[in-house]
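Listed in TrEMBL:
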- C:75: pyridoxal 5'-phosphate binding site (BINDING)
- C:97, C:98, C:105, C:313: substrate binding site (BINDING)
- C:271, C:398, C:463: tRNA binding site (BINDING)
- C:284: N6-(pyridoxal phosphate)lysine (MOD_RES)
């Protein structure tokens, strides 16, 4: 509607009422204007009506939605299915151009705006979440691992002699593969055991740099968010080493935006040393579907180089998801989620403490890990992994997702590298354990159900252990929860490995 | 609904009618069963009701939609925005696992099924479209360029000594960058001028292989679909050279699925020689939003290696789009689109012929190019590019998208390589020209509008040329089409380059 | 977006592209402007993007969508469920006010506009469909029967002494009940048999008027669209009688908008005599969900009186449906549907002729009925209704909907009136028959499937009749059509009556 | 999905995961089963995924969604617009049949189920909200006024001699018109002033019954929910009078479901006396769009008679809305809304008290009215209505909706009846006043904004009154709220009446 259409409307219904409606329209427009002018996440979340109106407005700026358009190219944003068009709000042209994923598309002013605004909003949120020094970032429709690969591929052009990436060990396949895929040789630095925690071995890192020679090292690849008892790397100290030796530093901040501690490490690292880029998952930090990441950094031109390294256009879908999400939440809503997560972490921690004590186990002391917790499974006869394994599959069938049991001595070989004690981030961690995490969006109800089900599973496993024979007893699991009694067949299935690994990317 | 709920329903309304409804349900289920069992694109497209029911059913198999689920991991498929959840049909977990983009996710049986089925359907369609020998393929949520990069990165592990990629020249940035990003040096093979066509210089390719030594060559990177007057590479002959020298062969089949000619080249190449993988765009061939590609090949294990090379999970969005599209169309619907495209190509060709003759120009003779056409712009005083440039911007402002004008002598430097005559695929193509393509989904109306507008633009440009002074005349462009008169400012804008380049990825 | 937001957008992406998008927006706005100014159905249907944008724009003019609104009344358009809000495009306030269903709501300028525009569009379509003399109409969210009741209730206030409604018999319950509900006594005029057709007995009508006295007659209630062998009433002649005696005339034009013949009768009736209002169903004429009707007429003030008679607000849902439908189709699209229906009527007629001859039956000669056809079922031993009944239930289980078999001698009593030969519009129609209709939206495929299934059913029934014993034989029905063999239980069910009656409103 | 499709799925992805998904499906099905078996509102609200799955399942039971259906009737549920089909979840056939709005449709088992379940759920909620003695009810797609008309029309057949409806005055047009439209003469019983409250004059009612004679009285038409200072009628006592004289009793319970007091009156009335039916609005009690009502009662057969009085099918849209809403909320959710409303009433009451004292006004003492409040406007020089009027239009332009100012001495004539002091429910209420209500769904923010804006408006009006000249002063209204300064033109507009009346239905 514009002034002409409003005028026509006034002739049909009372001018006073139409004027009121016109006035109301302006408040929506005002929100859009502020967004475009400031490029910041609005404090208060937008109504669905403002949001959808905005997306419609963007869409009609794309040539595929021009009423008079005629397309004679090979990529015209035509859509065969109305369902598909609708679910993308008719934004079909994706983002970026052949030269640069951040570039503007002549055919698609709306999609281009969407891309710019999303990146701008996301930058604002990263600042707000604890890295005010960040200067540039962009959303890329690839998960964290592939985004790390893109960073490494970009560095290759700046460091043609480099062959190695120095990598404090973290037992997550996609981290490791991100380096392999990029064509580099990961140099694994084993962690130090400090108390219960597995922490960065700074001396080993520096020694390795000296041994290989800085020029042959592409970068240090460190990690913030990780599963306990591993804790975030000593980013600050690593950043200083990198600065000293002139080595790039790429931080895997997978689900670290949700934790002020992880973000603070990055902010400090950049302040006192060198961080070239830090990469975070969209889905894990912003509660959107899997498939996007943010590549961010402190040096505009390097981040642009990465964005120019992506050959061709890309899906706008992850950008659209995060845009909708941030505009719906507003910065207030997002901060509320961060606050609730922190509280949920305390709550989970306390509940696990109580439960574990009841079973003569304990929560590992990992104060540096702000998200993940680990409970020992010593009493489950860790050397015969059967009980640990069984616990894992029991939790799975009882619809506990995301918990993982870590037995001792699991060996995994990837691309020629052998990891002893795989999943535990160490060759010989002292005991088997169970992990649980308090991630963004978790609810009290999740914790309560988990504790209740874990209690029952532990009870069952104990009972079975106490018997000398192997015949499984009837599970006393509460039927009201509507979960089928775990059947023997399933236990023999190698669900274990799947369950254990399903959080590893 | 199951037999219990139907029974309950019968008590509320007449059993005869409920039974009729129950019967009707079975026909929907039967379609789903056939899809799951055969893994083929159904002949007739599905109704939206069957389609949405199927997607709902998939979604409730994912743990984030379990009513009794409790999540204690860091990736639980939680979604903050209801709009986002809905547009993804609540399929949030993406596809693949840390180890492999084709792997099954324990947390997400529904999304895993979606992934498997989509790949299976797409394989079926590739066979149907002209490559019956294909044995494996997968959808990857990255555009063609990045997918080619992934292929090159995979080959690196098999050919550690290789540094070069032999590449018959095609002036499209993302093709070139796909090699640069992967860290290889493109060896550009200039095309031969045969009649009006630019064709593969097979001798130069073979000479270069011998000169560099087969081991130092990662692969030959050839192209099917391209913009006239370049025509598809001689895939068959290149495949034979690759087989003879033991060199991998990756084919960029960007928008070639829509052309039986391009597909036939690949089928033949694989039969008589060597093709390791061929990569095609989802959006350009299946009328879905930008952002996905299909990597396909004739050797199961190599295609699996590529899929294992992608580190981490990935967006399911492109898979979902192509699944919805293919199920909606059915193979009959897709074949109809292919047939219509062919007819539209003839129609466009004829109309352009008539128009160009009226202006003393001609359509270049490029019989090997089944999709793209070129019309000379000789009379526009090609050596003063102004007129050519102006034509480009005039078409742009008149909502003609996808047409591009190619002036003479444009020089472009990318990553240290200088291309003379950029956009024309040759250092010195004899004349400037204008491109138009008949791509899938084009309508008669597109052609008619294009011809009409081109006619007007040419008329205007001519008129201006005939004047000695530079004062722009009033454009006689038909106002009823609702397009603003092109203003001078815009002309000075470098819209030209944008317009020219906007089809280049 | 307005000029400020566009300006902000230009700073983010290239001004030339934003300007192009801005230009494109204007073409959408132009369509809206034309709609508001002219109040006519656009010739060409609108794109979904224009349509949804328009509905969004209307919605934000309603106070429940004002961002700064505070509501302190008891009806504030609050919505508990987001699903509900979305499916109504956030247009919550309904239409009309306590005083008048066509009145403007101060709280809801958008909904008020929607109401006005819909009525205006619908008026335009009625003119186009064959009643150019119509002067006013409005959509009412009640089906045809209740809308007729509203007309009768309005007339009561003008004719306080009237007790009777003169009604040429049509065997459709809701027509009869519309008078009963309004509190009047229907005076049934039996039809005359002319050839195969049942036609209005004009003499009986006039005689009845004279007998009862014009003042005691509320109105004549005639019908256009009806099921063969009844044909549309002689509207013209009835209109003349009404004019002569000063009696109002209400026409039930239930699904007559789709037939130029029915519409022509009304146009002529109003020209030469008296028609006060004619009522038509939304769903049957415009392919929208059940639940709305249009009350139209030739005298502005009487139509307004009816609209003022509806006490309170009303659902906007039927108005919204027909608005979306007409804007999507455009007048061209609607006319195309009308043309196709006519063709389908010929096709159905021919196919039925062929089939009936094969079974020694015939299509009844009902040239005045432009929509419905009847095929005799003489050979099915009409006096033992079992076979006729069985045919009905067989068609039902084979997913033939809308066909109905009419046995002889069915007696029905409603509100104290007894109808002999109910469903056949006559006390003693000469034979049993089967009805089928060619209504708007019917496809060739419907006809073909129907003929095929009817053929099979007739074959089966014949076979059974030829046997002397009652044991049902195995049905030779083609299994590939996925319809279960009719079971005996179902036959004993009184599906028959349901099947027969399900087209009767 | 059924066991066959699950089995096929197991072959594609791991059986353990598919089994998990299959298990999860059962929990959704279990909810549906419970709903169908018990017919009660579930305690906990359903997830959107369960809800949409359920609606899809219903839809595919309707013949218009049968994949093999062929339709040869004139009403086949065909839909021209995909947007329309989708927004109705493809439930197109509406509810009811020609004979009865509660009847089952052979063509539409799904829609029929929807209708039955909705009525059953709504009955459950009415019990829960305070009328446990209710025995039957149905949703009708007409607003309260027209639904009351339907009740009166039904009674006509039982009481052929009756001409009058006895109606304790309530100044709401649609209540009055509901009787006029039905063709009866309302006998207005003026209210008694008891303190500030306007209450039922029982003696006058009984006297009028005796005067007219019980047989000539169709029914007593009483009201619960109403705008202060009128309070709910003395339902109990009226019910006793009705029982004594054998007169039917219809209660207008428009927005009374949300108040336990109103509901209690009905429950008690039915216990000690006679209530034939009570009618309530869907939108005002269940936060759905305008357009539906519930007709409920204590005598099964009378409620069925009403439902059989509706001639023809009807829109399913209001039923669908309330079904979605109740399943989303669950009974817990609905009870929470009721509780919050009560709290909001106290809050509004307190805030108004404070504000009114500051302006030397007072909140009228109306303890029997549980929803609506009134604040005197004595100081606004009530005899010159200008200031009162101006206050009304100021509130309107400041986006306060639902507040209404009631000046003294307004006269309104409807259908020949003249009401003095219209809007105030009395000929001579002692003072002008302003109304505000705490209705279901109101938020603290509504109250706060209202109080703030009312404060400013009162301040402005006072200031202007204090000036002798007529020049309007600059309004000190807070610009940050983005509401335009009220212009003089608007004031001269008769916004006043509109504002005042906009809550009157």
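Positions of Cβ are set from backbone N, Cα and C atoms, glycine also.
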Cβ neighbours of residue C:105 (substrate binding site) where a neighbour is any other Cβ within 10 Å: 26
Do you know offhand how many angstrom separate residue C:75 (pyridoxal 5'-phosphate binding site) and residue C:313 (substrate binding site) by C-alpha? 11
Would you mind reading off the Cα separation of residue C:271 (tRNA binding site) from residue C:98 (substrate binding site), to the nearest angstrom? 34
When the Cα of residue C:398 (tRNA binding site) is compared with the Cα of each of the recorded positions C:97, C:105, C:284, which one is closest? C:284
Give me the count of other Cβ atoms within 10 A of the Cβ belonging to residue C:398 (tRNA binding site). 27
Output the one of C:97, C:271, C:313, C:463 that, of all these binding-site residues, has the highest number of other Cβ atoms within 10 Å of its Cβ. C:313
DSSP says residue C:463 (tRNA binding site), in three-state terms, is helix
Residue pair residue C:284 (N6-(pyridoxal phosphate)lysine), residue C:463 (tRNA binding site) - Cα distance, angstrom, rounded: 37
Give the helix, strand or coil assignment DSSP yields for residue C:97 (substrate binding site). strand
So for residue C:75 (pyridoxal 5'-phosphate binding site), how many other CB atoms are inside 10 Å of its CB? 26
Can you tell which of the recorded positions (C:98, C:284) has the fewest other C-beta atoms within 10 angstroms of its C-beta? C:98
Max Cα distance spanning C:97, C:98, C:105, C:313 (substrate binders), Å? 10
Secondary-structure category, per DSSP, in which residue C:105 (substrate binding site) falls: coil
Distance between residue C:97 (substrate binding site) and residue C:463 (tRNA binding site) at the Cα atoms, whole Å? 62
